[in-house]
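Asker: Encoded as structure tokens, here's the structure I'll be asking about.
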């Protein structure tokens, strides 16, 4: 019996995350899943976890709304002898033994992947020796996705002395802000070669801004668009020829969580931190990949 | 010489002088780092330049602040639900135009139906707020807090937690531009709302009634003005503005993003009213002041982007500028300055 407390249903990504859990922990697979939607409120999650403890579930899975405020309720779970697995966002607790394992995305690795893709792409197009000007649309400052992706890109960019980061500015993960900031970038810098948008929505905004400025983007255009998340709409954008690549942020946590539970059942030890597999999806394969996507 | 002093005094004495002065100051500060700030060219048949960005991007906020001014003036309170109402309006419009689907490439229902429904939804939200404030006598902030929290949830319900995309060229026009017209459409929408409201207030007694009710609602009731009806109407009007603004915001991104449309914009709208030199305690108000305030806020954002201020410092700079602008307009500061001046003059005479 597994209790799962989900954040809510605020995006396609979240819906796919929920769906992955539900389809993994089916009765056919030998599980009984108790699902709770917290509607973006931590107090609902605390209530849900306490309910799980009372119902004496075997495992508790939490996709936390916030990082802090978990100590008390996780201590209760620990006292009841129920292992807790955290998915997606990390939690900040005084004692690491309060949870058994964490499953989620490696945002730093996503940043590395983006740089690696750009390096290969430029080499393929014989532009390795050119000066490359880059601007970044950052996510909401302080979010783990923003920190990981910004740091990952910055770290690996050092290997490419010809690349220059002109400016970074936050687009707060929204399409409207992404567009507004990109409009400003385009006026300040005349020769932008690459736009890195730390999520797909901001990339859509940036694409609109670029088109409005009379420039082109995508595989056949002047400006290369690199994005993160790889949601369904990003595949549409790549098929339309506007976006070059999107680095996946995989929401399909279910199988990985099940793996950990199986290990625990057998009495084996598990790694504290488990990353999910994430791919890089360039535009030229977008049309073939899209039908295979679960979200 | 004397005439000039009188003229300057008259100019600086008008109510709109300080808000306008602050706006111009913010805009001119760009010349230090971005000399091309005021340059306007034409790209793709549409005007292009930083200054156009300011005017275009401020439109949503201008529309909101017009509604907010009415609410503040009539009830002495603020409507903090406008951002959420924008998102409801966007969701309603996209839901109808997409016919319940998640992504469409053509309208499933007539465009006008979606627009009217969105505006109607905004007014309905305004009716709810107005009913709570005017009839149930609940404090405005508490009353509108209900929709502030519930509004986005409602919008999420309508869009079923997904972002609904309307990928139709004619849907984008309201938020971008109409082919052949060089000025972005949101500018016209904002202008239309401001002019219609201005005419409504000047040609009818409504403006006077709103001020009277705001200054003293009991006294105005004794004078024969139905103050609760005026307050109710002001909230309905504010809801209408939020609906229109939501439509523009949704058209900009040709989708209904229930989580993000109008996020935190209610605070900017209240700030716009305050920056315009209006008292948040109600009563006398200046519509144009709020409009200038709204442009000032957007000018500030665009300026900070143009100057390349790093994103984690932007809130600090914004706060500093807002504090300075508000301080410049405070009557206490003016009194202090006057006292200091007369003190010096007296000192001179004595000497």
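Glycine is no exception: its Cβ is also placed from the backbone N, Cα and C atoms.
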Asker: Pick from B:164-182, B:183-201, B:202-220: which stretch is listed in TrEMBL under transmembrane segment?
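Answerer: In TrEMBL, the transmembrane segment feature sits at B:183-201.
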Asker: What range among B:23-41, B:80-98, B:251-269 does TrEMBL record as transmembrane segment?
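Answerer: Of the candidate stretches, TrEMBL labels B:80-98 as transmembrane segment.
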Asker: According to TrEMBL, transmembrane segment applies to one of these ranges: B:47-73, B:317-343. Which one is it?
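Answerer: Going through B:47-73, B:317-343 one by one, TrEMBL gives transmembrane segment for B:47-73.
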Asker: For the transmembrane segment (B:80-98), give me same-chain residues lying six or more residues beyond its boundaries with a C-beta closer than 8 angstroms to one of its C-beta atoms, as numbers and ranges.
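Answerer: For the transmembrane segment (B:80-98), the list is 60, 64, 67-68, 104, 107-109, 111, 113-115, 117-119, 121-122, 125-126, 129, 141, 144-152, 154-156, 158-159, 164-166, 168, 171, 238-239, 241-247, 249-250, 255-267, 269-270.
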Asker: Report, as numbers and ranges, every residue of the chain located at least six residues beyond the transmembrane segment (B:47-73) whose Cβ falls under 8 Å of a Cβ in that stretch; write 'none' if there are none.
Answerer: 27, 30, 34, 36-41, 79, 82, 86, 140, 182-184, 186-187, 189-190, 193-194, 197, 210-211, 214, 234-235, 237-242, 244-245, 248-249, 262, 265-266, 268-270, 272-273, 276, 278, 280, 282-287, 290-291, 293-295, 297-299, 301-302, 306
Asker: Using a Cβ cut-off of under 8 Å, list the residues of the same chain at least 6 residues beyond the transmembrane segment (B:287-308) that approach it.
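Answerer: Answer is 15-16, 19-20, 22-23, 26-27, 29-30, 33-34, 37, 50, 53-55, 57-58, 61-62, 64-66, 68-69, 194, 197-198, 201, 268-269, 271-278, 314, 317-318, 321-322, 325.
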